[in-house]
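Visitor: Okay, handing you the structure first.
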Amino acid sequence: MAGGGFAASSGGGTEFEAKITPIVIISCIMAATGGLMFGYDVGVSGGVTAMPDFLEKFFPVVYRRTQDANINSNYCRYDNQGLQMFTSSLYLAGLTATFFASYTTRRFGRRVSMLIAGLFFVAGVILNAAAQDLAMLIIGRILLGCGVGFANQAVPLFLSEIAPTRIRGGLNILFQLNITIGILFANLVNYGTARIQGGWGWRVSLGLAGIPAGLLTLGALLVIDTPTSLIQRGHIEKGKSALKRIRGTDNVEPEFLEIVEATRMAKEVKHPFRNLLKRRNRPQLIIALALQIFQQFTGINAIMFYAPVLFSTVGFGSDAALYSAVITGAVNVVSTIVSIYSVDKVGRRMLLLEAGVQMFLSQVVVAIILGLKVTDHSDNLGHGYAIFVVVLICTFVSAFAWSWGPLGWLIPSETFPLEARSAGQSVTVCVNLLFTFVIAQAFLSMLCKFKFGIFLFFSGWVLLMSFFVFFLLPETKNIPIEEMTERVWKKHWLWKRFMDDDDLDEENGKKNGRVNGYDPNSQL
């Protein structure tokens with residue numbers, strides 16, 4: 001049954017009537033399983049790379065090093081480019097797949113891209129679970145990466161376009177929530193499979209990724225495409241019908257007209273990536289790129305990729321390391337739920353700024369403790385300090401989970417104009433995956449070289465990104481996507497200088513002219 005109805009305010013006094021209908025909830029939940037798969041892939045890699053049986057089969061050099069009591073440095077036990085490539089190859093493949101996903105998402109719709117992502121995920125899971133050698137393992141990870149590229153391209157767009165404006169932030173964060181649930185699920189699985197005797201526990205860990213992969217594939221078959229996507233591809237009446245179903249009312253004409261006119265303008269753009277570089281789109285592009293780079297340089301993925309390895313490095317036993325990773329994963333989920341309830345009330349800026357302070361302080365204190373207690377040849381933290389380190393890392397993870405995690409995806413997906421949205425999302429995903437790859441490939445080597453200073457490195461970035469948010473990121477809560485230019489960019493102290501563009505004035509004139517003369521039977 002439908003939830004309570006509300007009118008989503010649009011600019012110029014227009015009211016868009018919208019109920020929170022079952023189809024919206026079901027569609028968003030099913031679509032966000034793309035995040036579940038992504039999260040499971042993030043979480044499972046760190047767990048299996050800490051399993052002796054897995055290391056002995058695929059990375060014997062690392063295995064011998066972890067068994068060597070005379071190793072030169074505790075921080076360097078896992079420093080191996082091949083081991084890092086196992087983790088990072090997924091993100092490099094995702095980066096490449098994004099270029100194809102952008103075209104598919106624009107040409108065939110968000111739903112088709114989600115289906116392709118699901119099929120890539122299923123194929124990758126089968127290869128990984130059945131891997132007999134390193135080549136088979138890496139190929140499986142590459143296929144999973146292709147799924148990540150398509151899912152990260154389509155799902156945020158799908159969620160932004162299907163959600164009513166007033167709860168767009170909360171529903172979009174379902175994607176990030178499912179990432180955190182996937183990470184927690186992977187940590188729990190790793191904790192259980194590490195106890196399996198016979199050396200095949202890692203196969204169960206990798207194979208259970210088939211559950212979220214199957215859910216995403218099934219979800220893509222069941223959901224309907226977004227009205228914006230249908231109208232953009234010329235299916236005007238289907239788009240209007242879909243809008244009525246999604247909003248739970250026949251009174252959709254104002255919102256329908258706005259989507260149609262935005263789509264007409266987007267159709268006139270022959271080169272979306274070239275259009276993305278136009279002056280009027282630079283603020284959105286700069287912010288989207290900065291958010292993706294900053295998101296990775298918080299250090300969160302270094303912790304999530306390698307949580308068991310990291311805890312093992314600083315003195316936790318293998319069981320304790322996996323258990324601590326489960327705790328941080330649970331904190332991640334709970335804190336993301338906090339974000340869902342607060343993002344459309346507190347706002348994007350407040351969450352990011354508060355989290356910046358929390359992440360900075362927790363990382364600095366962790367660095368001080370490790371610097372004093374963990375040396376190259378001694379990892380005796382002591383019980384009290386060990387618990388304190390876990391608490392501090394949980395403090396860091398919680399701050400990220402209600403801020404940079406979900407908002408790094410939400411803000412770009414809601415700020416690009418329609419004519420640049422698909423291209424903008426593609427660039428956003430590409431940059432995110434590029435820097436995810438960089439961190440995944442470099443972290444264990446950085447840990448070896450920087451030692452406890454790795455936390456100071458990331459805390460410096462957190463300080464920088466907090467200043468960026470304070471001065472350059474405008475608030476976008478409860479603003480309809482189609483009205484960001486008038487209500488956000490033209491009122492910002494810096495970005496308004498990029499909005500005084502002749503091309504923008506010309507297109508606004510075209511839009512105003514077409515609204516009055518719209519023919520519902522015309523073709524795009």
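Residue positions begin at 1 at the first shown residue.
In case you wondered, yes, glycine gets a Cβ from its N, Cα and C as well.
Note that the structure is predicted; figures quoted are calculated from it, not measured.
Annotations per TrEMBL:
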TRANSMEM  20-40  transmembrane segment
DOMAIN    27-477  domain 'Major facilitator superfamily (MFS) profile'
TRANSMEM  82-100  transmembrane segment
TRANSMEM  112-131  transmembrane segment
TRANSMEM  137-159  transmembrane segment
TRANSMEM  171-192  transmembrane segment
TRANSMEM  204-224  transmembrane segment
TRANSMEM  285-309  transmembrane segment
TRANSMEM  321-343  transmembrane segment
TRANSMEM  350-372  transmembrane segment
TRANSMEM  384-405  transmembrane segment
TRANSMEM  426-446  transmembrane segment
TRANSMEM  452-473  transmembrane segment
Visitor: Counting only pairs 6 or more apart in sequence, are there at least 3 Cβ pairs under 8 Å between the transmembrane segment (137-159) and the transmembrane segment (285-309)?
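Guide: The transmembrane segment (285-309) and the transmembrane segment (137-159): touching, no.
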Visitor: Would the transmembrane segment (20-40) and the transmembrane segment (321-343) count as touching if the test is at least 3 Cβ pairs under 8 Å, pairs 6 or more apart?
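Guide: Contact between the transmembrane segment (321-343) and the transmembrane segment (20-40): absent, because fewer than 3 Cβ pairs are under 8 Å.
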Visitor: Which stretch from 112-131, 285-309, 384-405, 452-473 shares the most C-beta pairs under 8 Å with the transmembrane segment (204-224)?
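Guide: Counting Cβ pairs under 8 Å, the winner is 112-131.
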Visitor: Check the transmembrane segment (321-343) against each of 350-372, 384-405, 452-473 and return whichever range has the most CB pairs under 8 Å.
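Guide: Answer is 384-405, with the largest number of Cβ pairs below 8 Å.
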Visitor: Could you tell me the mean pLDDT over the domain 'Major facilitator superfamily (MFS) profile' (27-477), as a whole number?
Guide: 87
